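Step one of this worksheet: look at the structure below.
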Amino acid sequence: MGGISAASVRGWLRHHVVMASHTSWRVGGPAQRLYRPADRDDLIAFLRFLPRNEPLLWLGLGSNLLVRDGGISGTVIAIAGVLNRIERRTDTTVWVEAGVSCAKLAKFCAREGLRGAEFLAGIPGTVGGALAMNAGAFGGTMWELVTAVEVAGIGGEHCRRLPQEYQVSYREVHGPEREWFLAAELRLTLGNSQVAQQQIRRLLRQRNGCQPIRQPCAGSVFRNPWNDKAGRLIEACGLKGASIGGARVSERHANFIVNTGNASAADVEHLIQWVAETVARQAGVSLVPEVHMVGEPA
């Protein structure tokens, strides 16, 4: 890896780190390397040392991610809690780094009397992950707020880009290859802080009432098909409670798969495949996974 060692970075660099403790499903084999930068400057310096072809996985809170049991080659860069600054730049503009949790961003905006980010309180991930997949909930989506992003690439190059440089759609974002989000500039609207905070509490009550928040899971497993809901289709096919090994379709919300305590990544992946096949056969609808699957089988 071009001479990179724990002694040459200020952050945390370890080899053969089991990813089960770094993902919200609590499954996954080892990463060849895991690096947690000390700060943004340390991250940029680290990227300068990397070979151009180094496989990279940027990790936030580990939601919406399935790491297979055989693990992943290359380097995992863990940014949650590191790139964690939020600033109000103008009356209606907020600048936020990619390692900030979506919930923290939503609460910050509400306290500042800014409206439009309340939906982010229900997304169990970081701003970086929300940017990468155009995450959404309760009718809102991340890129509706974005006015600019800051990105970095292999070699440590970093720059500012505008939304028109990306192709953004439902749960998909396509832009320049081998670049990753460092921060975003968001435009919101002025409003009442108390009303915004009440809205967040209402949305969280709604989420907590129907999602398995006390069990290891990764968020929604499948994208919603056009004009329908993946959870409704899965439930209509009688799949609530269906299980393979330690992975089970949640009885609270059919578009969630939970780890009952001893699941492997293979259990989760096989259950995802079986649910998709069953819905296709019974309902004639092809469900597309929202979960990002990486690594090799055991």
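Just so it is clear, glycine is given a Cβ too, placed from its N, Cα and C backbone atoms.
Arg171 (active site) is surrounded by 18 other CB atoms, counting those within 10 A of its CB over all protein chains shown. According to DSSP, Arg171 (active site) sits in a coil region rather than a helix or strand. Per Swiss-Prot, active site is recorded for Arg171 (among others), and the stated evidence type is sequence analysis.
The active site, proton donor annotation in Swiss-Prot covers Ser220, and the record cites sequence analysis as its basis. Around Ser220 (active site, proton donor), the C-beta neighbours below 8 angstroms that are at least 6 residues distant in the chain are Ala230, Gly231, Asn255, Phe256, Glu290.
All chains included, 19 other C-beta atoms sit within 10 angstroms of the C-beta of Glu290 (active site). Swiss-Prot lists Glu290 (among others) with the feature active site, giving sequence analysis as the kind of evidence.
Under the heading domain 'FAD-binding PCMH-type', Swiss-Prot lists 27-206.
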Local confidence of the domain 'FAD-binding PCMH-type' (27-206) - pLDDT mean: 96
